[in-house]
Structure formats: C-alpha cells, structure tokens
Amino acid sequence: MVASTFFLVSLFALALGNPLSRRTMQLHESRDEVPEGFVQQGAAPSDTMLKMRIALTQNNIGGLQEALMDVSTPSSALYGQHLSKEEVEAFVTPSADTVQAVNAWLSENSISATTISPAGDWLAFEIPVSKANELLDADFTVFQHTETGDQSIRTLAYSVPSDLTSHIELVHPTITFPNPFAHLPVVISPGPAKGAVKPSNLSSDAVPASCATTITPTCVQDLYGIPTTKATESSNQLGVSGFIEQFANQQDLKTFLTNLRPDLPSTTVFTLQTLDGGSNPQTNSEAGIEADLDTQYTVGIATGVPVVFISVGEKFQDGALEGFLDIINFLLGESNPPHVLTTSYGQNENTISRALANQLCNAYAQLGARGTSILFSSGDGGVAGSQTTRCTTFLSTFPSGCPFMTSVGATTGVPETSASFSSGGFSNFFGTASYQTTAVSDYLTTLGNTNSGKFNRSGRAFPDVAAIGDNVEIVFQQESGLVAGTSCSSPIFASIISLINDKLVAAGKSPLGFLNPFLYSTAASTFTDITTGNNPGCNTNGFPATAGWDPVRELRSSL
C-alpha cells in the first residue's frame with residue numbers, strides 16, 4: 001500500500017512538471033514600476049501562448065569587445081584586421097556546461113528548446129502563460145498603452161533556479177515592454193514651394209538655391225562633396241533593413257532616379273534578401289514610405305554600390321524583439337555580410353530591460369568585429385526619445401545608447417543647423433564610451449548646470465554624427481513628396497561610408513567596419529561644427545548645440 005501510494009504521488013508529480021524536485025528560485029530581473037504610458041489591465045489569459053527566448057551566458061564577451069576595439073581603432077596595430085565568422089563565434093559560444101544545465105532544467109519541465117543564433121547563445125520555445133508563471137515565478141499581466149491602445153503581456157519580475165543564474169543572461173519577453181513608437185515611418189512634410197528660396201540661406205555657391213527648401217541627391221552631393229563616379233567593387237555591399245511590412249518599390253526607385261539621378265541607368269535596382277517569412281511585393285499600393293526612402297537615398301547617393309534590401313517578415317524567431325535580433329543573427333550566419341547596414345527604426349531605451357539591451361549591443365559588436373559598419377537613426381523626438389509626447393526626464397533611444405554602433409542624427413536647412421526633432425542625449429544603460437570621453441567631457445563643461453538632473457551625465461552620448469534630414473524629396477507610390485526625420489539621415493550617411501569603403505577595397509584594404517573610434521579621432525577634422533539650434537522635449541529646450549561635440553553633430557565629407 002505504501003509502495004502504491006508513492007507510485008501514485010510520483011505520477012502526479014510528473015504530470016505537474018515534477019514540482020517535488022522544484023529548484024530553489026532566485027530573482028533574476030525586475031522593474032520597480034510600469035513604464036510611462038502603460039497601464040495594467042489584469043491577469044493574462046492562462047492559455048495564451050508566449051514565445052519565450054533565453055539568452056545563454058557567452059563565454060568571453062569581454063574578449064570580443066576588446067578585439068572589436070583593436071580592429072576598429074586607427075592607432076591600434078590590429079586596425080582593419082577584422083575577425084572571421086569562426087573567430088567571433090569562439091568568443092560568444094556558450095560553454096558546454098551552460099548548454100547542458102539550461103536544457104536539463106527545461107527538460108525537467110517538459111520543454112524542448114531550439115537554437116536560434118549561429119553561436120548557439122539564444123534558445124527559443126513556446127509555452128502558455130500558466131506554465132510561464134510557474135516556470136519563472138512570474139505574474140504575466142496584460143498591459144495597455146494609453147495613447148495607442150496596444151496591449152501586450154509582460155511581467156514586472158521573474159526568477160530562475162539559483163544554480164542557473166550564472167548560465168542565463170535573461171529570459172524574454174518578460175520585463176521588456178514594446179514601444180508603440182518603435183517603427184513609425186517618417187512622416188511626409190508639406191514643405192514650401194520650390195520657388196520660395198532666399199539666397200541668404202545658402203552656405204555656398206556650389207549648392208543649388210532650391211536646396212534651401214527641397215533636398216535632392218544633387219543637394220546631398222554638393223553639401224558633402226560626394227562624387228557621382230560609379231563605385232567598382234561588387235563585394236562592397238550596403239544593407240538596408242526593412243521591418244513591419246515596409247516594402248521597397250522598384251518602380252518608385254526607377255521614377256526617383258529618372259527625376260533626380262538621370263545620369264544613372266534606368267535599370268539600376270536593389271537586390272533582395274528575406275528572413276522570418278519576409279517578402280517585398282511590388283504592387284504600387286504596397287510600397288512603404290520608409291522602405292522607399294531608405295532604398296532611394298542609398299541607391300541614389302552611393303552610386304554603383306550594390307544595395308540589398310533585407311526584408312524581415314512577421315514570423316519572428318526573437319519573439320517580441322520583432323526581428324531586431326533576427327536580422328543580426330541572419331547576417332552573422334553569412335560568410336560575407338554587408339560592409340554597411342543602415343536601419344531607420346528604434347525605440348525608447350526605458351522600454352527595454354538592461355540585460356536585453358546588453359545582449360543586442362553585444363550582437364552589434366559581433367557584426368562590427370566582422371567588419372560591418374552598423375548605423376541607426378537616432379530618433380525623432382528630441383530629448384523625448386522616439387516621438388514620445390509625455391516625459392519628465394530625458395529619454396534616450398535604443399540602440400543609439402549602445403557603444404558598438406553609430407547613431408545618426410539630423411540637420412536641417414542650408415546652411416545646416418540642428419534639426420529640432422533629432423533625438424540626442426545620454427544613455428541610462430551604457431557608460432560614456434572610451435572613444436568619446438574627451439569630446440563629451442568638453443561638452444558637459446560648456447553645458448554647466450543646464451538641465452541638471454534630467455539626464456545621465458556619465459552615459460554613452462549620442463548621436464555620433466548627423467546629416468541632412470528635413471524636406472527630403474522621395475517618390476512614394478509614384479508621387480513625389482517631402483519627408484523628414486533621422487530616417488533620412490542614416491541612409492545618407494551610410495552611402496558616404498559605402499563610397500569610402502569602395503575606394504578602400506579597390507586599393508586592397510579592409511572596409512572601415514565599426515566606425516566610432518575612427519570618427520572621434522582620425523576623422524574628427526572632417527566634421528563641420530553645428531553651433532546653432534537644439535532638440536527640445538519634455539517641456540525643455542533640450543540640449544543646445546555648441547562648439548565641438550554636442551547631441552547634434554554633422555559630418556561634412558570630401559570624397
């Protein structure tokens with residue numbers, strides 16, 4: 001009878017995921033409060049399926065970061081000696097002990113995970129809310145964003161077994177909240193009539209008078225000394241990220257080139273790569289304004305550089321990261337990833353967990369060590385982040401706060417001044433990067449006590465560069481119009497870097513790769529100092545432009 005009772009209890013334990021051998025749990029991540037703009041609605045339905053992701057501890061991320069700086073710093077003996085795919089993976093592949101320990105825990109709970117990254121440092125599985133609550137000692141809840149009405153299921157805290165804390169970096173989605181403003185395409189601006197030009201606004205006789213009100217490829221070329229000579233190196237690829245079913249239209253590109261780059265062949269096109277079920281339909285009505293902008297101002301500026309549009313679909317492997325990690329893992333899996341990748345999307349840093357921000361940032365470090373320059377637009381909300389309407393302290397954007405990518409802000413007008421919408425400031429997650437210490441210290445000294453207490457004076461400062469981003473002419477669904485935003489600036493700056501890379505590769509040299517150590521040292525003299533304007537938000541005037549580095553910076557290139 002005793003034996004039978006024990007047998008029944010054992011079966012019952014197995015049916016419940018073996019709670020009799022339940023491990024001691026330890027708090028792993030938590031939030032003190034719900035992010036601004038979200039309100040709690042109630043418990044999440046127990047049967048709702050969650051796409052869970054686990055980031056495993058990488059074996060030597062410090063070594064990777066050191067290697068990245070070595071190959072990216074002009075004064076280093078290793079400058080330009082970028083790492084191979086295998087060399088990068090050796091730094092980040094989890095130890096066998098880590099893989100075994102985490103998978104054993106999941107197996108105990110009848111969960112089978114799949115690997116979703118080239119180095120094996122990310123695992124994926126799906127479980128219902130009820131099981132996620134039990135597995136992680138969590139309380140998954142429905143939260144609603146008050147401005148958009150969008151709902152999401154998150155928890156404010158979760159735990160993992162105490163013996164696994166050194167093996168698990170994070171579980172997602174848990175305390176990272178979606179940003180409803182993360183993927184808003186640039187907004188069409190009306191702009192003045194093309195004839196309404198004041199010659200006094202022009203910085204040089206070489207810049208057409210029309211550039212004071214409408215920016216075209218010719219304006220960009222004249223402003224920054226960009227040649228029209230065709231690039232020659234087929235290996236020097238420029239990647240353009242595409243998300244949220246923003247599709248790049250070849251016919252719009254053809255019309256754009258016919259109107260604004262008639263010197264280019266009408267057969268000039270971009271190529272396509274897809275992941276996560278992505279596509280790129282070519283019907284006129286499905287053209288996306290952001291995708292059109294990004295492809296037109298890469299193909300139309302980086303003359304002859306092979307441009308690839310990378311369309312990320314909705315079948316995300318990275319869960320609620322909505323493809324941000326997937327696209328990097330996709331490129332890390334390639335033998336020869338693009339030399340430049342430009343992305344015109346982002347989110348507020350305060351919506352993402354510190355651990356997840358670190359993981360994504362380290363993924364950018366991996367690709368940078370391979371020789372890819374990673375560029376992101378800094379955001380369009382001034383010091384209020386990514387188009388946020390309410391805030392009391394300044395909001396930094398992600399991934400602009402990551403020290404291993406290049407953040408691109410926007411300027412406006414001719415001569416150029418800081419664009420008021422251009423996001424810039426200081427990260428709350430990442431400290432001041434070593435390559436920018438002097439420049440940032442000088443700015444903070446000049447700033448004094450202005451906006452004291454509203455930002456992190458010891459944070460990684462951004463943007464790193466800025467380029468024209470207002471009244472930019474594109475063709476969208478076969479109609480010409482003007483757009484504005486840092487979304488314009490990132491592809492323009494990416495094109496400049498791609499043309500420099502073309503010359504380097506043609507000379508038998510390495511591409512620039514991770515740019516920032518170069519930008520803040522050897523290339524510093526190529527910048528034009530913007531000393532007027534600011535980036536208001538949060539009921540303040542934001543950061544003022546001054547002599548030297550500031551949260552609005554402009555590059556003047558001469559190629």
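Using N, Cα and C of the backbone, Cβ positions are placed for all residues, glycine too.
These numbers come from a predicted model, not from an experiment.
Positions annotated as signal peptide by TrEMBL: 1-17.
Residues annotated as domain 'Peptidase S53' in TrEMBL: 214-559.
The annotation active site, charge relay system is assigned in TrEMBL to E290 (among others). Counting every protein chain shown, 26 other Cβ atoms lie within 10 Å of the Cβ of E290 (active site, charge relay system).
Marked as active site, charge relay system by TrEMBL: D294 (among others). Sequence-distant neighbours of D294 (active site, charge relay system): residues of the same chain at least 6 apart with a C-beta under 8 Å from its C-beta are V240, S241, G242, A248, F309, T342, S344, S487, S490, P491.
Within 10 Å of the Cβ of S487 (active site, charge relay system) there are 29 other Cβ atoms, across all protein chains. The feature active site, charge relay system is assigned by TrEMBL to S487 (among others).
Here D550 (Ca(2+) binding site) comes close to G424, Y443, I530, F543, P544: these same-chain residues lie at least six apart in sequence, with C-beta atoms under 8 angstroms from its C-beta. According to TrEMBL, the feature Ca(2+) binding site maps to D529, I530, G548, D550.
Residue density at D529 (Ca(2+) binding site): 13 other Cβ atoms are found within 10 A of its Cβ, drawing on all protein chains shown. Of all the Cβ atoms in the protein chains shown, 21 others lie within 10 Å of the Cβ of I530 (Ca(2+) binding site).
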